[in-house]
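Asker: As annotated by Swiss-Prot, repeat 'Kelch 1' applies to 73-123. Annotated repeat 'Kelch 2' per Swiss-Prot: 124-179, in sequence order. Per Swiss-Prot, repeat 'Kelch 3' is recorded for 181-226. Annotation comment: Swiss-Prot describes 259-308 as repeat 'Kelch 4'. What Swiss-Prot records for 310-360 is repeat 'Kelch 5'. As annotated by Swiss-Prot, phosphoserine applies to Ser430, Ser437, Ser460, Ser523, Ser980, Ser982, Ser983, Ser984, Ser1078, Ser1080, with the evidence given as experimental evidence. Per Swiss-Prot, the feature region 'Disordered' maps to 507-530. Under the heading compositional bias 'Low complexity', Swiss-Prot lists 515-530.
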Amino acid sequence: MVQKVLSRQSDNSQDVSAEQLDVVESGSIDQQNIRAWVVRKVKENDKRTSTNQSFKWEAVKPASCLDAANEKFMYLHGGREKSGISNSLFKLDLDSCTVYSHNRGEDNDSPARVGHSIVCSADTIYLFGGCDSETDSTFEVGDNSLYAYNFKSNQWNLVSTQSPLPSPRTGHSMLLVDSKLWIFGGECQGKYLNDIHLFDTKGVDRRTQSELKQKANANNVEKANMEFDETDWSWETPFLHSSSPPPRSNHSVTLVQGKIFVHGGHNDTGPLSDLWLFDLETLSWTEVRSIGRFPGPREGHQATTIDDTVYIYGGRDNKGLILNELWAFNYSQQRWSLVSNPIPILLSDSSSYKIVSKNNHILLLYLNALDAPKQLLCYEADPKNLYWDKDKFSDIPVLQHISMKPSNASNHTVSLGYLNDRPNHSKKNSVTSTSSSQFNNFLEQNQKAVRSARHRHYASLDEQGLHSLRNLSKTSGMNHSADFSLHEFGQADPFAYEIEKPIASLPLPNGNDTISRSSESSSPINESESNSLLKLQSDFKFSNSDDRVAWLEEQLLYCMQQGYTLKPPNLFQHVDEKLRLEKKEQLSYLEILKVIEQMLESNEQKFKKQIVSLASENAKLAAQRDAAVENANYSRSLIQKKTTDETVGSLIEKVGKLEYEVQGTLEEATSYYQKNTELQQLLKQNESASELLKSRNEKLCVDYDKLRSVFEEDSSKILSLQKENENLQSQILQISEELVDYRSRCEALEYGNYELETKLIEMHDRVEMQTNVIEASASALDVSNTAILSFEDSLRRERDEKSTLQQKCLNLQYEYENVRIELENLQSRALELESALEQSVSDAKYSKAIMQSGLSKLLSSINENKDNLKEFSKSKQKISYLESQLEGLHELLRESQRLCEGRTKELLNSQQKLYDLKHSYSSVMTEKSKLSDQVNDLTEQAKITQRKLSEVQIALADSKMNQQLSGKDSTDVHLPTDFSASSSPLRSYFNEEDSFNNASAAHSSKESDIPSGGVFTKYRNHFGNLMTSEETKAPDNNDLHKRLSDVINSQQKFLSLSPQVSKDYYDVRSKLNDTAGSFSGEEMRAIDDNYYASRIKQLEDDYQKAITYANCSDESFQQLSHSFM
């Protein structure tokens, strides 16, 4: 589908029009360069409606229909047709070169626009501004509505925005950058704009079209088909950190390296050629002054970007001619380049063209209405395959050597006069000067400076141009050879000129001054002048003087194109600068006048020197002219001698060029003479101005004396006023100090009131918290009391059950057959008792812990708040009430302690745990982590004590049985053999008890929060193991007495912690010692029962106390230990 233009063998060669082929075959354009461009035939989509039988682009003017492109498609909208302003929308697939129409016939809701701007994203096209009036041919009345076209719904939507809105405009530019629309410039009712606006397109919600038509205005047919946003959005005008470019419209714009690129355009002064960059991050404008040549003024041109290079194409100059040029601007090098491959198309007023980039290729969409049949062509080229005319010496910044100063936009400037339509060229292989026809485009007679703060002019352009040449010769360090061409200094196309045109006459100077060329040409040139001319040429390092003259003319023209204008040196410029610097010192009028006189004298000397230099320059130019004539005569003689046609043709061409150079030199001489006369006139004006200044000086001296007298009188008044001012200032300082003190006191009082209020509020909150804690502690004490009562009942029941169990054991010898049934009942009852005991222990433990924690918190809170509550009577009443409640709690606590001390008389084995707990009390204050190990030691010791208790109980049971059997056997007190066997009732009872203990031990291991279960279970295990050991013999009373004494002696060291148990112990011990052999069986059993019942009760209470000690905090632990001890 892609084919070269000149390749006629392909079927697509017919896509190129006849006019284009004529251009190619005529030889005016290099065919090798044209082959870099390829043409792609644009096809129309087959699926089109009857309303889209042909494209309505025949009468569309260039740049009147706007385009937008994304990564794959290019969209064209609107424009002016023969029938009026169009609202058609077409889509061009850049890959397949297929055109699709988005028009829907009569239901087409697209806005008709011309002079508008459109951009597109992935799924939306945005349209802003333009003109929709068919009668307005100048497009001065614009629109400020924003439309959005959605690709999915195929509908145009009117985006409603809040005020302030951008002014209506045409010819503006719009870019979409990161979902934000940026609008710049344009024209509104004949006024050119340079403002910039921003609109964020994120989150624009729209209503359905049916809801819109019900609310839209029926008179506005176009807007009745649009959708309005449900949410209003607003335009933003960003705050710029720099001044804006001059106002303009119909400029080109694109995005390069995150900056908005703006070039050219049109305003009141005509087409523009300046280049600006807008930084989106810093919101600042920067004018780019490129190195070397640059495009001329133009408007309506197209721009696109590939990497960091911007390509612009087309546009119109100041005469309205369409420019078939492709320029490239390298952003990193800040340099312009012109392509040497002209695009093989003929641009006209009826042709349209659009330029985009795709896959690093340049695509040019072109339609020429003169073709028959009319076709839409797409030209494609790779920028790498194009030949660009770049400067050979890129290190020579030509324009940087010329200083530029801001213009005051005065209406009186020096004109260069009329120039005829004649090109002016230098010799062969030299810098070509600009054609005189281009001067007529920009330098008309009585031309005035451009009224813009961004435009500049030269101060003494001649002197600066020569100075720049001297700097160039010193800094460039290059040897300009004979083939030094115009490209080294940057020739600006489209001001390229054709060398075939002859010169009719030289330009005439302004005014009535005339110069005779014959007299100027006949001036003699001596040998010294010719030598100085050669020296001048060698200093400037040009091949000849014509090169320098041509370069100077060219640079002058470039500056005029950019808005600069020639002006004479400002006589008072240095004076003004010095006056501004010395204004702060308040010089007298006499000193200022002296400075002015000195500056006038120095300026007069400078003008005289300039006149002398111009005279010598005229002499040098005359010598150059004579040398050129001699060279021409010499060339003619050579032509006559040779007979070869090629030599004759080249010499004729050379002669013609030499004639042009001579005439150019004469033109330069006339211009310099004109400048000389103007400088002389300025010198006369300066002399007259100096005389006026002298007369004014005398008047100023008289005025100065009068002002001095007035000043002396005013000085005395000023001194008195200063004294009064000082007094007032001192009074003001005193008042201000008093005011500061008063404010500080008020602030201190306010701060104190605020602190009192905060303390009162905090105190009130603390009192409420204390009442809540006391109520909670009272309820916890009630619960603990009920738990203690239930625990006492359970212990009482347990005591009764143990007594029944002992009676059953004594009657085992008489009820052998019923023993097993009774043992099972005892086993179930024992399990219930154990669970009830464990539950009561855990409840007591929990209630005691809650009580102790509540009491500790209550004590700490009361101690902290007693001082603060003294100031408030209500708080005192509450505190007294709380103290009364606290006393009641202490009484309850004492009662509970008494109850706990009463329980210490039942279990003897807990004395060993209590001893260990007392021993660990000294170390728990420094190392609480050892408390758990001590509790484990207590449990082991309780196991040992329980084992010993089991042995004592077994011995007691044996003694009882032996005493009962003593009535039957007179001599021996042994148990029967059946009782000692494994099948005896007592042995079977303890075997079953062993299995029961194993089950209960497994159950108690799960109840980790009740450590007493495992201890009692192991006691029973040890008792069962003792019963299942070797055959048990019934001891006598002496043996039983001995064994009981040994057990009591082993527990003597633990009895010191329980006074009541110790007393019982010594009573029993004394009885045993006194009546060792006189006790009967019944008395012995009664003594044993009472003794072991008290020991068991004491052990249970001590163990419960140890658990309470282990679970309480440090502070409550100290309080409990102090109260218990």
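Yeah, the Cβs are placed from backbone N, Cα and C, and that goes for glycine too.
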Asker: For the repeat 'Kelch 2' (124-179), jot down how many residues DSSP puts in helix, in strand and in coil.
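Answerer: DSSP composition of the repeat 'Kelch 2' (124-179): 0 helix, 26 strand, 30 coil.
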Asker: Just to be sure I understand, if DSSP states are collapsed into helix, strand and coil, how many residues of the repeat 'Kelch 1' (73-123) fall in each?
Answerer: 3 helix, 21 strand, 27 coil
Asker: By DSSP assignment, list the helix, strand and coil residue numbers for the repeat 'Kelch 4' (259-308), in that order.
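Answerer: Reading the DSSP string over the repeat 'Kelch 4' (259-308) gives 0 helix, 32 strand, 18 coil.
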Asker: Looking only at the repeat 'Kelch 2' (124-179), report the model's average pLDDT.
Answerer: 81
